[in-house]
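Structure, as structure tokens:
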Amino acid sequence: MPELPEVETSRRGIEPHLVGATILHAVVRNERLRWPVSPEIHALSDQPVLSVQRRAKYLLLELPAGWIIIHLGMSGSLRVLPEDLPAAKHDHVDLVMSNGKVLRYTDPRRFGAWLWCTDLDASSVLSHLGPEPLSDSFSASYLFEKSRGKRTAVKPWLMDNKVVVGVGNIYASESLFVAGILPDRPAMALSEAEAGLLVSTIKGVLMRSIEQGGTTLRDFLQSDGKPGYFAQELQVYGRAGEPCRKCAMPIESSKHGQRSTFFCRRCQK
């Protein structure tokens, strides 16, 4: 599933091609995504793109009439292509632009979303979200106070969007390894120093992944069709049985909340 770095990579890739151009119309080939494509998107006509923003794993296209909210789901990607390039089997939505380009949404599993909203503060998919991990709001004091009394294992706790947004399975595993914290420790067991270390580690891991264009494990592609290269730098995720890059002890895996977790028992405490 595309996580925050992949969504931010997509945002940065499409922004120069959209802002200042006008959406002439939308082409919806299959509206049956996680939720049906909003009827307002079907009816789009002559709407200039004012900005391309991101909140958590949602891309937000600001138009004079409202906002398009895009979620990439499990397997979605966005590419900027020539308008005359024929659509393929899993190309479900196009935004045809005034500059001769098209923003094309591809999603083999169809678990993404294209929604319409006139007031972001009232959006049901955005209103409950916690702070952005790269913002000043996500601080050592915030994370430490938030963890008090929480018996939940720290890894699934970090993946709760009410705690912090955009830290999915890959980056939670990687950040906990770099911080030296076992993923099954209760969140309430974090010391204030460990909370600070974890915050700085999460920020660093996410920023490094964004610099590398995200992580491509299966379906994710950047807006130019290239894969993300952070997969080559993964320390523990997907490496069960392989030697730890620090101590050579085999990487272990376990299940937390139906998701695989990867860690080094020697390097993490």
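The backbone N, Cα and C atoms fix where each Cβ goes, and this holds for glycine too.
Residues 235-269 are the range that Swiss-Prot records as zinc finger, among 130-164, 235-269. Note: the CA-CA distance between Glu3 (active site, proton donor) and Lys57 (active site, proton donor) rounds to 6 Å. For Lys150 (DNA binding site), the nearest of the active-site residues by C-alpha distance turns out to be Arg259; the candidates were Pro2, Lys57, Arg259. Averaged across the zinc finger (235-269), pLDDT in this predicted model comes to 95. With helix defined as DSSP H, G or I and strand as E or B, the zinc finger (235-269) counts 0 helix, 12 strand, 23 coil.
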